[in-house]
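Database features, via Swiss-Prot:
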- Glu323: active site, proton donor (ACT_SITE)
- Cys58-Cys104: disulfide bond (DISULFID)
- Cys277-Cys328: disulfide bond (DISULFID)
- Cys505-Cys522: disulfide bond (DISULFID)
- Asn115: N-linked glycosylation site (CARBOHYD)
- Asn157: N-linked glycosylation site (CARBOHYD)
- Asn295: N-linked glycosylation site (CARBOHYD)
- 1-22: signal peptide (SIGNAL)
Amino acid sequence: MASSRLWFSLLLAAALAGRATALWPWPQNIQTSDQRYVLYPNNFQFQYDVSSAAQPGCSVLDEAFQRYRDLLFGSGSWPRPYLTGKRHTLEKNVLVVSVVTPGCNQLPTLESVENYTLTINDDQCLLLSETVWGALRGLETFSQLVWKSAEGTFFINKTEIEDFPRFPHRGLLLDTSRHYLPLSSILDTLDVMAYNKLNVFHWHLVDDPSFPYESFTFPELMRKGSYNPVTHIYTAQDVKEVIEYARLRGIRVLAEFDTPGHTLSWGPGIPGLLTPCYSGSEPSGTFGPVNPSLNNTYEFMSTFFLEVSSVFPDFYLHLGGDEVDFTCWKSNPDIQDFMRKKGFGEDFKQLESFYIQTLLDIVSSYGKGYVVWQEVFDNKVKIRPDTIIQVWREDIPVNYMKELELVTKAGFRALLSAPWYLNRISYGPDWKDFYVVEPLAFEGTPEQKALVIGGEACMWGEYVDNTNLVPRLWPRAGAVAERLWSNKLTSDLTFAYERLSHFRCELLRRGVQAQPLNVGFCEQEFEQT
C-alpha cells in the first residue's frame with residue numbers, strides 16, 4: 001500500500017507541474033520541475049551523438065528527425081528570435097540522440113528493445129537508447145514535452161525520464177475486408193499508432209465479404225473475391241509501402257489470413273477450395289469453410305502461404321482459426337466419408353484440428369512462427385510450444401481471464417483482445433472500460449504471467465469504414481496503448497482523463513480527427529482540410 005501511495009503522490013506532483021508532463025502513455029519513471037528552457041524553431045535541430053552507432057544516413061532516424069521537427073514547429077519559417085521580444089537565456093536548440101547498437105536497416109521484431117532515457121537539464125538535452133526503436137519512442141515523448149506559451153514561445157521543462165514498455169506486443173487490428181480502407185487511411189493510422197507507442201499493426205486483410213489482397217501467385221483470388229478489382233484492392237506495391245511505412249515508425253506488420261472459416265471470398269477465385277453444402281442428398285448451391293478432405297486444398301495452401309511468407313517479412317503470421325461453423329461440413333457426404341476413413345467419428349473438432357495441424361506444419365516449414373485465435377487452443381489442436389494464442393472471447397467457453405490462466409498454464413504465450421473491441425460503442429466515456437483492464441489479473445504463477453506478451457485493440461469493420469474510422473479509434477485506442485506500455489500502478493482514472501484530454505487536443509493539432517472525451521474545448525480545434 002505504501003508503494004502505491006508513493007506512486008500516486010509522484011503522479012499527482014507531476015500533474016501539478018503543468019502541461020509539460022501531460023504525457024501519453026505515461027513513462028515508467030519521470031522527474032520534472034517548473035524550470036524551463038526555450039526552443040527556437042529556426043535554430044532547433046536533432047543531432048546524432050558522435051559516439052552513436054546510428055549516424056546520418058540512418059533511414060529510421062533521419063526520417064523521424066524531419067517528421068518530428070514538422071510535428072513540433074510545422075514546415076514554415078518562424079520569426080527570428082530578436083523579433084519575439086525578450087531573449088531567453090536558457091535555450092535548448094539541439095536534442096542529441098545516441099543509439100548503442102546499429103540496426104537502421106532492420107525490421108522491428110517481438111524481441112526489439114524499446115527502452116530509452118531522456119535527460120533535459122542545464123548541462124544536456126540527450127536521448128539515449130539501446131536501439132533505433134527505443135529512440136523513436138523517446139522522440140515521441142520529447143515531442144509531447146514541448147509546449148507553446150500564449151505568446152507563441154516554445155518551451156520544454158527540465159525533465160529526467162527512464163522509460164520502457166511493460167509488454168512487447170502492443171497492437172491494433174484493422175479489418176480491411178468488411179469495408180475496404182484506402183491505403184492513405186492505413187498509413188495515417190500507423191502515424192497515430194506511433195504517437196501512442198503501439199508497435200504491431202495486425203492487418204486482418206481478408207474475410208468472408210471480400211479478398212482485397214493482390215496475390216501474384218493466384219491473381220483470381222483478388223479479381224473475383226474483391227469488391228472491385230480495380231479500386232478496392234491492395235497491390236503488391238501498396239503492401240510494400242505499408243510494411244516500410246510501419247518499419248520507419250517501429251511498427252511490425254502482422255498479416256492475418258484466417259482459415260478454414262471466414263473464407264467465402266476465397267471461393268470464386270479458387271474453384272473447389274470451399275466445401276459444397278448439401279440440403280438432404282443434393283447440393284444446396286452454397287458453400288462453407290475450406291474443404292479439409294482434399295489434397296488439392298493443402299497443395300493450394302502450401303503455394304499460397306509460401307507467397308505470403310515471402311511478402312510479409314515479420315517472423316509471425318496470423319493464421320486465424322476462429323468461428324468455424326461445422327454445419328456445412330456435417331451436410332456434405334464426402335466430408336462424412338473422409339471422417340470415417342480417418343476415424344474421427346462425428347467429432348468435427350477433430351476434422352478442424354486435422355486441417356489446422358496440417359496448415360501449421362506448412363507454415364512452420366517456411367521458417368515462420370504463428371499466432372492463432374483461441375479456438376485452436378480450446379479445440380485441443382496439437383500446436384508447437386512457441387505458438388501465440390490470441391484470447392478474444394469474453395465469456396465463452398470461459399471468462400477471458402480464466403482463458404488466460406488456461407493458456408499460460410499449458411505453457412503457451414498469450415495476447416489479450418477480449419475486452420478491447422473498439423468497434424463496440426456506447427454512450428459516455430467507454431475508454432475507461434478499456435483503461436481499467438489489468439491483463440495479468442488472473443490466477444497463475446509469475447511464470448504464467450510472464451507468458452502474457454501483450455494485447456491488441458481490435459477495430460472490426462461491420463459498421464466501420466473510412467468515414468468513421470478515425471474518431472472511433474482515437475483517443476479510445478490510446479487507453480489500451482497506455483495499459484500495455486505503462487506501469488501497472490499507473491491506473492488512476494482522474495489522472496488519466498486529464499492527460500488523455502490533453503493528448504486528444506494534441507492529436508487534433510496534428511490533424512487527427514479524434515473524438516472528445518467529455519465537455520470542453522481545445523485551443524486548436526480540428527478543421528477538415
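Glycine is treated like the rest: Cβ placed from N, Cα and C.
Here the features listed in Swiss-Prot are placed on the structure.
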{"residue": "Cys58", "record": "disulfide bond", "Cβ neighbours (10 Å)": "22"}
{"residue": "Cys104", "record": "disulfide bond", "Cβ neighbours (10 Å)": "16"}
{"residue": "Asn115", "record": "N-linked glycosylation site", "Cβ neighbours (10 Å)": "18"}
{"residue": "Asn157", "record": "N-linked glycosylation site", "Cβ neighbours (10 Å)": "19"}
{"residue": "Cys277", "record": "disulfide bond", "Cβ neighbours (10 Å)": "17"}
{"residue": "Asn295", "record": "N-linked glycosylation site", "Cβ neighbours (10 Å)": "7"}
{"residue": "Glu323", "record": "active site, proton donor", "Cβ neighbours (10 Å)": "13"}
{"residue": "Cys328", "record": "disulfide bond", "Cβ neighbours (10 Å)": "20"}
{"residue": "Cys505", "record": "disulfide bond", "Cβ neighbours (10 Å)": "21"}
{"residue": "Cys522", "record": "disulfide bond", "Cβ neighbours (10 Å)": "16"}
Cα distance (Å, whole number) from Cys505 (disulfide bond) to the residue listed as 'active site, proton donor': 39
When distances run from the Cα of Cys522 (disulfide bond) to each of the recorded positions Asn115, Asn157, Cys277, Asn295, the nearest one: Asn157
In three-state DSSP terms, the structure that the residue listed as 'active site, proton donor' belongs to: coil
Cα separation, Asn157 (N-linked glycosylation site) to Cys104 (disulfide bond) (Å, whole number): 30
Residue pair Asn295 (N-linked glycosylation site), Cys277 (disulfide bond) - Cα distance, angstrom, rounded: 19
Cys328 (disulfide bond) in three-state DSSP notation: helix
Integer Å distance between the CA atoms belonging to Cys58 (disulfide bond) and Cys505 (disulfide bond): 32
In three-state DSSP terms, the structure that Cys505 (disulfide bond) belongs to: helix
Distance, Asn157 (N-linked glycosylation site) to Asn115 (N-linked glycosylation site) (CA atoms, angstrom): 21
Between Cys58 (disulfide bond) and Cys328 (disulfide bond): CA-CA distance (Å): 54
Asn157 (N-linked glycosylation site): secondary structure state under DSSP, collapsed to three categories: strand
